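According to Swiss-Prot, the protein carries these features:
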{"type": "BINDING", "residues": "13, 17, 263, 306, 407", "note": "ADP binding site"}
{"type": "BINDING", "residues": "13, 14, 15, 263, 306, 310, 407", "note": "ATP binding site"}
{"type": "BINDING", "residues": "13, 83, 84, 134, 241", "note": "sn-glycerol 3-phosphate binding site"}
{"type": "BINDING", "residues": "83, 84, 134, 241, 242", "note": "glycerol binding site"}
C-alpha cells in the first residue's frame with residue numbers, strides 16, 4: 001500500500017478547489033480560487049478555460065501549502081467536476097477554440113426542441129436523459145455549426161472535445177491523455193448507457209465526428225501521469241460531481257440515496273447494475289469500477305432550494321446573511337399555515353412545468369418574516385420528498401435513510417424537518433466535502449491506497465442523525481397542504497398569457 005496523500009481536484013461552476021486527504025479520509029488542506037462567469041448574450045453562460053486552469057493550479061498549490069506537503073508525497077490525483085460543461089480545443093496547440101459552454105447555458109434550446117419533438121424516445125432509451133440544452137451534445141453541435149472552419153478541422157481529427165474533467169486531465173498530462181469516465185460520458189447525451197459506448201446513431205443525427213470524443217474508462221483507473229507539479233503522479237480517479245458525492249457518501253448498495261442541498265438540490269439513488277428508465281427522473285451512470293461494468297443511478301434535479309434563501313436575503317432583504325435564516329425560522333414553532341412554492345423558473349421533477357411560478361399562500365395579519373423564513377426552509381424538504389416518493393415508486397425500493405450533504409445540510413432545523421416530512425432517518429456525515437472525498441476514494445482504490453469498498457465504509461463517519469419527531473397523520477396533513485399549494489402555482493405564466 002503506497003503512503004503519502006491523495007489530491008482531489010474539485011472543479012465547480014464558480015470556483016476551482018483542491019483538497020488533500022490522508023488515509024483516514026481526514027482533510028489536511030483546502031485551496032479555493034474563484035473564476036468569473038461570462039454572459040455574452042441573454043441565455044448564454046460561458047467560462048474561459050484558461051481561467052479555469054489557472055485557478056485550478058493556484059488552488060492545488062494553496063492546498064498543498066496548507067497541508068504542508070510536497071508533490072513527491074502525493075500518491076494519486078482524482079478529478080471531479082461540474083458536469084455537462086463543454087470545451088472544444090485544438091488537438092495540436094491545445095488551445096481552446098471557444099469558451100467553455102456551461103451546463104446552465106440555454107442557447108441550444110432550438111436544437112433540443114427539435115430532438116424532443118422527433119427523437120425523444122430514442123434518446124431517452126439510449127442515454128437515460130431527456131433532450132435538453134443542459135447536456136453536452138447540443139453544445140458541441142452549436143460550436144461545430146457556428147464557428148468558421150471548425151467542423152472541417154473536427155472531421156480531420158484536429159479538434160478534441162471534453163467535459164471539464166477531460167480538459168484538466170489533458171492539461172495535466174501535457175496533451176498525452178484524452179479520456180473521460182463513465183459518469184461524465186453519461187451526461188453528454190451522446191453515450192449509450194446500455195452498450196457503454198458512444199452512440200453512432202445520435203452522433204450522426206447531430207453531425208458530431210466520433211474522432212473528437214475522448215476514450216471512456218472506469219471511474220477508478222490509472223489514466224496517465226502528470227509531471228506539472230514537479231513529480232510524476234498517477235491520475236487515478238474521475239467522476240462527475242454528483243456521482244462522486246454519491247460515492248463519497250459510501251452509497252455502494254442498491255437503494256441507497258443521497259441529496260445535495262446547494263443552489264438547487266440533486267438527489268441520486270444507487271439502482272445497481274441494471275438501468276431503470278423513469279418517466280420523471282433521469283437515468284445516469286453513477287460510476288464504473290471495472291471496464292464495461294457500471295453502477296447506475298436515478299437522478300432527480302430540483303431547480304430552486306438554496307436559491308430561495310438567497311432570494312430571501314437579496315430580493316426581499318429580509319436577512320443580512322444566508323446563515324441568518326435558521327435562527328429566524330427557529331424563532332417561531334411553525335409556519336403559521338404559510339406555504340412557499342419556489343417556482344421562480346418553473347418546477348423540475350416530478351412536475352416538469354416551466355410555466356409554474358412562485359407563490360406564498362396562507363398569509364394572515366399575524367404572519368411575520370419568521371413564518372416566511374420557516375416556510376422557505378420547509379419548501380426545500382417538501383421538494384425533496386416529491387422526488388424521493390417518485391424514486392421509491394419507480395425503483396420499487398423503500399428508502400429508509402437519506403444521506404445529506406451540501407451547504408443546506410448544515411442547517412439543523414431544515415434537516416430535522418426533512419426527517420419529519422419523510423418519516424425516515426436523515427444522516428449527515430462528518431466530512432461534508434463528499435464530491436471531493438468520493439473522487440479521492442476512487443483515485444485511492446486504483447492505486448491500492450485503500451484496498452476495498454468495505455475499508456472505505458469503515459472510515460466514513462457520521463456527524464449527526466435526525467430522527468422523525470412527528471406522527472404520520474401530521475406528516476401527511478402538512479404534505480397534502482404542500483401539494484395543494486403546488487397545484488395552485490402550476491401553469492400560472494401560461495394562464496396570464498391567455499388573457
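Even glycines carry a Cβ here, placed using N, Cα and C.
Annotation: 242 carries the greatest number of neighbouring Cβ atoms among the binding-site residues 15, 242, 263 [cut-off 10 Å, Cβ to Cβ].
When the binding-site residues 13, 15, 17, 242, 310, 407 are screened for a Cα within 10 A of the Cα of residue 134 (sn-glycerol 3-phosphate binding site), none qualifies. Rounded to a whole value, the Cα-Cα separation of residue 263 (ADP binding site) and residue 15 (ATP binding site) is 14 Å.
Compute the center of the Cβ atoms of 83, 84, 134, 241, 242, which mark the site for glycerol; besides them, the chain residues with Cβ within 8 Å of that center are 82, 85, 103, 187, 240. Whole-number maximum of the Cα to Cα distances across the ADP-binding residues 13, 17, 263, 306, 407: 21 angstrom. The maximum pairwise C-alpha distance among 83, 84, 134, 241, 242, the residues recorded as binding glycerol, is 15 Å.
Taking the C-alpha positions, the distance from residue 13 (ADP binding site) to residue 84 (sn-glycerol 3-phosphate binding site) comes to 11 Å. It is 23 Å from the Cα atom of residue 83 (sn-glycerol 3-phosphate binding site) to that of residue 310 (ATP binding site). Counted within 10 Å of its Cβ, the other Cβ atoms near residue 241 (sn-glycerol 3-phosphate binding site) come to 27, all protein chains included. Residue 84 (sn-glycerol 3-phosphate binding site) and residue 242 (glycerol binding site) are 12 Å apart (CA-CA, integer value). For residue 17 (ADP binding site), the same-chain residues that are 6 or more apart in sequence and have a Cβ closer than 8 Å to its Cβ are 9, 10, 11, 30, 31, 32, 59, 63, 436.
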